[in-house]
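Straight from Swiss-Prot, the features:
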{"type": "REGION", "residues": "1-29", "note": "region 'Disordered'"}
{"type": "COMPBIAS", "residues": "1-11", "note": "compositional bias 'Basic and acidic residues'"}
{"type": "BINDING", "residues": "89, 114, 141, 164", "note": "S-adenosyl-L-methionine binding site"}
{"type": "ACT_SITE", "residues": "164", "note": "active site"}
{"type": "BINDING", "residues": "168, 200, 238, 239, 240, 241", "note": "substrate binding site"}
């Protein structure tokens with residue numbers, strides 16, 4: 001087992017932080033966006049097998065958010081097929097639900113976004129070993145990926161499962177569910193596209209509930225939504241969901257439709 005993750009050391013200087021956009025200036029509004037000044041690429045140790053698998057497969061199945069001004073993705077070229085729905089999962093973690101859901105929606109392109117490299121390495125391993133052909137991965141902050149890498153009305157769905165609740169009041173400004181992010185997601189969704197959010201944190205659920213109608217382009221559909229055009233059953237209990245259930249937390253889910 002390797003004790004170091006040399007790949008990051010070769011490509012990113014010490015203290016490197018992902019590019020951070022001034023969203024209010026970028027979009028010309030005064031909406032609320034996460035303030036993530038302390039966020040950086042999280043380091044972690046990969047096993048030798050994970051490193052070998054990463055080196056062999058990441059150039060094909062993965063992309064890194066960089067300092068380049070424009071990294072727009074050609075989804076059809078990346079997946080090698082045209083005319084298929086595309087769903088973005090923000091904060092895929094170790095990819096447990098991603099890998100479980102993908103085979104059930106093989107006609108849908110799934111793009112998993114995560115900062116933590118060992119989490120992406122686990123998902124990459126599951127994708128390669130399971131011969132899952134409809135998953136691609138991006139290493140970067142989800143809001144920046146939406147801004148820099150995805151054109152308007154390019155997505156059929158966005159999933160945000162168990163985002164960091166940032167429970168301390170002084171950290172609430174870091175929560176991803178904010179008025180500005182909902183506006184950004186709405187702009188990237190096609191009409192009829194679906195936003196699905198799940199949390200096990202009661203205070204965060206209340207926070208989100210106060211925002212369900214804040215974005216005029218999104219129609220809140222509640223939960224469950226029997227006629228939802230996309231898969232909403234996560235199939236497995238994710239790591240963070242399991243921790244919440246162990247503490248008797250209630251899972252609260254939200255669904256919106258792009259008008």
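Quick reminder: no glycine exception, Cβ is built from N, Cα and C everywhere.
Other Cβ atoms within 10 Å of the Cβ of residue 164 (S-adenosyl-L-methionine binding site), summed over all protein chains shown, number 15.
Note on the binding-site residues 141, 200: the fewest other CB atoms within 10 A surround the CB of 200. The Cβ of residue 168 (substrate binding site) lies under 8 Å from the Cβ of no residue that is in the same chain and 6 or more residues away along the sequence. Between residue 89 (S-adenosyl-L-methionine binding site) and residue 200 (substrate binding site), the C-alpha separation comes to 17 Å.
Summary of the S-adenosyl-L-methionine site environment: with the site residues 89, 114, 141, 164 set aside, the chain residues having Cβ atoms within 8 Å of the Cβ mean position are 90, 91, 92, 93, 113, 115, 142, 163, 176. Separation of the C-alpha atoms of residue 164 (S-adenosyl-L-methionine binding site) and residue 200 (substrate binding site): 10 Å, rounded to the nearest whole number. Cα-Cα distance from residue 141 (S-adenosyl-L-methionine binding site) to residue 200 (substrate binding site): 21 Å (rounded to the nearest whole number). When the Cα atoms are compared, residue 200 (substrate binding site) and residue 114 (S-adenosyl-L-methionine binding site) turn out to be 19 Å apart. Note on residue 89 (S-adenosyl-L-methionine binding site): other Cβ atoms within 10 Å of its Cβ, all shown chains, come to 27. For residue 114 (S-adenosyl-L-methionine binding site), other Cβ atoms within 10 Å of its Cβ number 25.
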